[in-house]
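**Student:** Sharing a structure, written as structure tokens. Questions coming.
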Amino acid sequence: MDAATPDCTSKCRSLKHALDVLSVVTKGSESQIKSFLARYCYNAATVKDAFGRNAGHLASSCGKKGVLDWLIEKGVDLLVKDKESGWTALHRSVFYGHIDCVWSLLKHGVSLYMQDKEGLSPLDLLMKDRPTHVVFKDTDPTEVYTWGDNTNFTLGHGSQNSKHHPELLDLFSRSGVYVKQVVLCKFHSVFLSQKGQVYTCGHGRGGRLGHGDEQTCLVPRLVEGLSGHNCSQVAAAKDHTVVLTDDGCVYTFGLNMFHQLGIIPPPASCNVPRQIQAKYLKGRTIIGVAAGRFHTVLWTREAVYTLGLNGGQLGHLLDPNGEKCVTTPRQVSALHHKDIAVSLVAASDGATVCVTTRGDIYLLADYQCKKMATKQLNLKKVLVSGGCMEYKVDPEHLTENGGQKICVLAMDGAGRVFCWRSISSSLKQCRWAYPRQVSISDIALNRNEILFVTQDGEGFKGKWFEDKRKNSEKKADILPNLHHSSSDVSCVPDTNSVYERIRLEKLPFAHRAVSVSTDPSGCNFAILQSDPKTSLYEIPVVSSSSFFEEFGKLLRETDEMDSFHDVTFQVGNRHFPAHKYILAVRSDFFQKLFLSDGSSLELTDVYQKDEDAAGCHLFVVEKVHPDLFEYLLQFMYTDTCDLLTHGFKPRMIVKRKAEDCEGSPDSHLHTVNCHVDDKQKSAFEVYRSNQAHTLSERQKSKPKSSKKGKGVGDDDPVRMLQSVAKKFGLSNLSSRLEGVRLENEKINVIAKKTGNKLKLSQKKCSFLYDVTMKSVDGKEFSCHKCVLCARLEYFHSMLSRSWIEASSCAALEMPIQSEILKVILDYLYTDEAVVIKESQNVDFVCSVLVVADQLLITRLKEICEVALTENLTLKNAAMLLEFAALYNAGQLKLSCLQFIGLNMAALLEARSLDVLSEDVLKDLSIFYRKMIPAMERRVITPYQDGPDISSMQVEDGEVFFKEEINMEPNYSETMFKKAKTRAKKKPRKRSDSSGGYTLSDVIQSPPSAGLLKSAKTNSVESLPELLTSDSEGSYAGVASPRDLQSPDFTAGFHSDKVEGKAKPYVNGIPPPCTREDVKPWEKSPTTKSAPQFIPSNRVDTAASSSWLAGSCSPVSPPVVDLRTIMETEENRQKYGAAPKSNLGKIISHGIKLSQKQRKMIALTTKENNSGTNSMEAILTAPSKSPKPANAWAPLHSPLSRSFRDFLLEEKKPVPGYGSGDHVKKVCFKGTENSPALNVARCSTHGTPGLESNHVSDFPLLDSPNPWQSSSLAASPAVAPVTFASIVEEERQQEAALIRSREKPLALIQVEEHAIQDLLVFYEAFGNPEEFVVVERAPQGPLAVPMWNKHGC
């Protein structure tokens, strides 16, 4: 375990190694497993245990896809089988339900058809694991799959291309047509739907398609002549078609060359369906039809009728008069017996087979009726092929000794198949030469082979083993194929055997088959498979509508000062702001009112007065109580009101005499509220309650008579509201109030009536349009603001007063296509999405769902989920699952997961899961294991013995480090794009005191190679880490990323991270007090929360001091007077031309100095270069300082010292430093305006007490506002330059030279890409007003390059 290399060779076959490897695979994590395998055994990928299992078998069984992929890269043999059951890794991953591992194996070429010792392939295991409720029946909705050579367009795919495996006939699936029977012929095909409709395609010569013409149809087309009949069975041959309806009528069409249509007089052809006259059937009901090339067969329970060319297959003798054809249906006399009841009939070109209910099988051929077998009870299907006809009957179409041998197949209810062949003349049971047992549910027969469908939905193709005596040369080929056959199948066929031996071959892409058919020649095939959604029960559900609740909320939240209402009603002393569109749609009265502006109405109780506080129309409504008008509005908005609610207790409204109505607007109405405390009553309600007491005493004298008479509704609020509803044209409300009574001061709904619900239309009331939506493609939609705001919070926020869209007169541009925007608006108005429900375009519905998800229209999103589930197919299931996972469509995702789980075999065989991401594949695996109940018991218990890997970490294996550093060539570019995208999603924000910075600050400041770094941090960031860092506070510069170091600003600002040491300053600035620094009884001078610092990967001193100072300062900079500003400007001009200090030296980009050095140099440069543009920083003095000192005072150069002095200086501490003081070394880099970057080496003392007492106020550097400036801080003492800093500088210059030589091409390309993006962003090309140049910053000093001579 601890050895660096394994103790074996590449040919290791150690059984102990194998056991240890398998033990670790079962109990370790993926990282531990890979680390162990890389160190433990050279042959860990292929070593096997005693059962033949390797690491790949166990990894796929445990679902550890990462280990499996790693083993595949190491060359593990994926096709190796274990010794116990012959399972491959694919068998095991399927058995344990790890679909992600299955897909990984399939991508590396593992076959799905490899069989184990029991003859089961991985597809068979999937079929065996199918849930028990999934059963395929012929009554299920079925889809048609066809394949073959397609010579005559008989497959219906719209082209003449051949199909090598079953393909869906999507015409029926798109139109929702389910087919229950398919008949394939040489020149055409007939399809019978479950609804009784007939479709045909192929060559139409002679009218065999029944469309009224002889045109060729490439795809199935409905036979219009039979659309009014419910057809139950179809039969067809080479030139004609026979159709049987539910009522026993028979229709035929096509060529009538042999009088097989049964039409009198016989035409040459018939291109539309025509009925066979019932008089020839003696009033009996036809229950079945069959057809051959030369004849047609009809049968009832009692008799069989044939017609057509009599070549011996009709069951009739030769006509003595020489008539070759039977024109009308004629009963077969040999089967005319009282004990014969016909159950099944089949026909071929030269033979007819009949089966009776007693189990007798009759063959009509050679002008005879032969009994082939007896007592074959419970037969479900019979088929016949071949046959020979008398060529003298029609020498033009028949040849002497023509035809094929007769073969008859019969299947009983138990799934047994019996075969009768003319070469053996005996009925034999078929036995299958297949490694496992199959149960047959349907059969089809052609001249060369048999097709089968099993009860499990599988499809097979079978062929007979040829006779040994005639095909002895093929014996060598036959014997290997029977090697894995069941024990009851002998390898050598014998004509005297009681079984007919059939060799089976599985059909691909047949997993839900219920029926199969073939043409007589065996060139084209069709198979009916159950609809893949048949067993799906996870169907999305649309939540209940909140349409009325949203409008009710709009009514409740509307006030006179909002920007949404456009009309106000004054009723009594109350004002009701409302929306014209809703009132106009609900009432013709209000529509006329708004059209006429209240000037030409006959009703004088409503008139326009003036404008309300928001400038909207104000209407006065008289002789209506405010409560009644409130109920009225409530009904118009929500389609209901309180007086329609059973059990509601309304307030009693009493009307006084008419002469009392001339006073105030409310003087004629009094209300008694017996259900509210006096403290909750308004003054008006108390007044009405006092007046009601007197009225109640007057009515005590005749309480009974008060309930009768003319004024019965005067004190009933229900009747009063009904009267008001009629007055305002709300007949719907009036009719619904008919079934409402007020009993015992409560509402009693006697008869609940439902009227026309609230229906809104975008096209109604066009004169009230107040907002216009404009789509991306330029189409405009006029809408009503109140509907948009009520239905969607997005529009409510957009159209509020605080946004420009609310006051803009221009159309609102929506980033949505017009088709999608129309669906959104229709939903907002009608609460329905008819277009979505009827749409077959999955992409369009997905686009609507995306927009609905963005706009948070949950119910429309659910409608889209339902529509997508209805259109779920095997082709789009994986795509929709990935789509649902991406847009958080939970119900759609669940439906897709179950759909894929139910059809896992078909989707894996079709390779349809390649669009799924790894996360979705993992979710699919989890769901699949939960869906199969047996998966709970299929768990591999981790092996207890074996090596202990509990202490093993990821770093233990060298292979991981190599994998991580070996990036793809385009990886850096990909990460740069991701970082750019993330930066767009997170825009920078800046406030006066947040300390942030804008994009212009980043672009104008020069890129720096050095980083502020704590003493603890020595890590180097890779290029992907730099490019994917947060966009706030960091950006990718142009220098090499190898010299970038991980920043850690928290070390200088959080005392809990640096224990026992004083906090290091950044740029000589004391850090702010954190919450731990402030005592509980002292009031902090800062705000409640300390500012958060933004980490940066590339910060120069000028820029960093600016934003760091801003981030540290919780208050705004002080405002100084004009004199101070003038003095400051004078000092700048005075010292601007001063010579630079001797300490100024050029420093290269990328030099790595310690944090102390950088701080020290930066502070010194502030003092020396104050007149230049390289640094202008003003520090506020501590509160204890009596007056500010001049920060621009000239700095005295340090005295010259010897080498010994430098050594002694480093050994002894600097005088004047306390125990908590530190020497700060700062590396400063100038701005882009300076021609060269300076280096200053100095040592500074921190000011004692600054950190513990208060937080200094730091202004933003180089503020454009001259009125905002800060006081000047005193300059700290200068520290001597150490020898170590000189050595460090030389080392960094050498490192800079190496970096410049080894700069990777990928980084250079990133820089060039960034330069081009900046040029485009600042519109540098063709700009006559500005000259914009973007170039790399100078690298700075490098070490002198040395070229060594080699080979001397």
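Cβ coordinates come from backbone N, Cα and C, glycine included.
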**Student:** Quick check on the annotations: Swiss-Prot lists region 'Disordered' for one of 139-165, 976-1002. Which range is it?
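**Tutor:** Here Swiss-Prot associates region 'Disordered' with the stretch 976-1002.
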**Student:** Report which of SER121, SER1113, SER1263 appears in Swiss-Prot with the annotation phosphoserine.
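**Tutor:** Residue annotated phosphoserine in Swiss-Prot: SER1113.
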**Student:** Which one of SER35, SER385, SER1111 shows up in Swiss-Prot with the note phosphoserine?
**Tutor:** SER1111
**Student:** Which of the listed positions, SER664, SER1046, SER1185, does Swiss-Prot note as phosphoserine?
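**Tutor:** Candidates were SER664, SER1046, SER1185; Swiss-Prot attaches phosphoserine to SER1046.
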**Student:** Write down the residue from SER1005, SER1197 that Swiss-Prot flags as phosphoserine.
**Tutor:** SER1005
**Student:** Swiss-Prot tags one of SER1116, SER1275 as phosphoserine; which one?
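**Tutor:** Among SER1116, SER1275, the residue Swiss-Prot annotates as phosphoserine is SER1116.
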**Student:** Can you tell me which parts of the same chain pack against the repeat 'ANK 1' (51-80), counting only residues 6+ beyond its ends and a CB-CB cutoff under 8 A?
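**Tutor:** Sequence-remote neighbours of the repeat 'ANK 1' (51-80) are 18, 21-22, 25-26, 30, 33-34, 37, 44-45, 87-90, 92-93, 95-96, 98, 100-101, 104-105, 108-111, 114, 918, 925, 940.
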**Student:** Are there residues at least 6 beyond the ends of the repeat 'ANK 2' (85-114) whose Cβ is under 8 Å from a Cβ of it, and what are they?
**Tutor:** 56-57, 59-65, 68-69, 72, 78-79, 120-123, 125-126, 129, 506, 904, 908-909, 911, 913-914, 916, 918, 921-922, 924-925, 928-929, 932, 935, 938, 940
**Student:** Reported in the order helix, strand, coil, what are the DSSP residue counts of the domain 'BTB 1' (565-645)?
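**Tutor:** Secondary-structure composition of the domain 'BTB 1' (565-645): 32 helix, 21 strand, 28 coil.
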**Student:** What are the helix, strand and coil residue counts for the repeat 'RCC1 3' (248-301) according to DSSP?
**Tutor:** 4 helix, 22 strand, 28 coil
